[in-house]
Amino acid sequence: MSGDPRTVVRKFLARPQHEGVGAVVRRSIGRFELKYFDPFLVLDEFSLTAPAGFPDHPHRGFETVTYMLQGSVTHEDFEGHKGTIGVGDLQWMTAGRGIVHSEMPASHGTQKGLQLWINLSSRHKMIEPRYQEMASTNIAEANEDGVTVRIIAGESLGIQSPIYTRTPTMFLDFTLEPGAQMQQPVPESWNAFVYILEGEGVFGKSRSSSTTAHHLLLLGPGDRLMAWNRSSKMLRFILVGGEPIGQPVVQWGPFVMNTQEEIDQTIQDFENFENGFEKARFWRSEATQDH
Ligand code: FJE
Ligand code: FE
């Protein structure tokens, strides 16, 4: 490879905070100090223990990617789309012009996962909603020299994920055994980050100091990432990259548009059950109905 490897330019520790109803999230992207990392709006490592959850709420203008780490979450939306995603399963939801749904724990104990919000460009914000779901058993996994990679989106070790990314995105889940090292190409023009799930690792430059779990690492320019596990425990992290959109972002909670006028219109659409929110008028999720 001809270019330079990417180095770590900023580092954030994601501390737990409260979100939804009784839920706890470690938010890295989307917090005050890092409102937006184009095209990424939010990265939450969430933790749900019943009755905590995310009851009926809307989305417009972006995609949500939910990837489970422990336990399971049941989702249901206002079109009748419903399901449960368990450990290692993926839901890639393109909210587009509008989704109203609930996301609630499906079992006892603590459910953990990642939720990433990916922005859509102005010409895609009002597209029809779409789901892409992949059970853990269908997610391709490649193995090489102590490195295991699960290919959620994009390509690694010659394997391409079938997930269609409306905003070009890569999402890879790496596990490195003690002593292992990895190298992964990342398109030069993309923004990319690492989020550490477990263990500790050295990222970017071989001589840099190691970083532990729940840290977000923003990567600088370059054409690939290199990482090393010099510890005696497993290292697990995600590497995510995306093509920057380069458009203004105006966000109001779960609505993400380009202008304040579009946000005002969205709030009006939601209140009046119009322009994609028609089915919200008489819908309540089973999870939040009185039993
Ligand atoms: C939320 C709007 C939302 N992080 N991690 C406003 F859409 C949400 C929300 C979530 C969420 C859901 C899951 Cl399953 C996992 C998440 C935010 O639903 F919390 C606020 N405050
Ligand atoms: Fe949601």
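Cβ atoms here come from the backbone N, Cα and C positions, even for glycine.
TrEMBL lists 25-118 with the feature domain 'Pirin N-terminal'. Looking at the domain 'Pirin N-terminal' (25-118) alone, the prediction's average pLDDT is 97.
In this structure, His57 (Fe cation binding site) is part of a beta strand by DSSP. Annotation for His57 (Fe cation binding site): same-chain Cβ neighbours under 8 Å, separated by at least 6 residues, are Val100, His101, Ser102, Pro254. Annotated Fe cation binding site per TrEMBL: His57, His59, His101, Glu103, in sequence order.
Taken from TrEMBL, the feature domain 'Pirin C-terminal' applies to 172-275.
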Legend entry - Three-state secondary structure, which DSSP defines for Glu103 (Fe cation binding site): strand
Inset, instruction - With DSSP as the reference, give the number of residues of the domain 'Pirin N-terminal' (25-118) in helix, strand and coil. - result: 0 helix, 63 strand, 31 coil
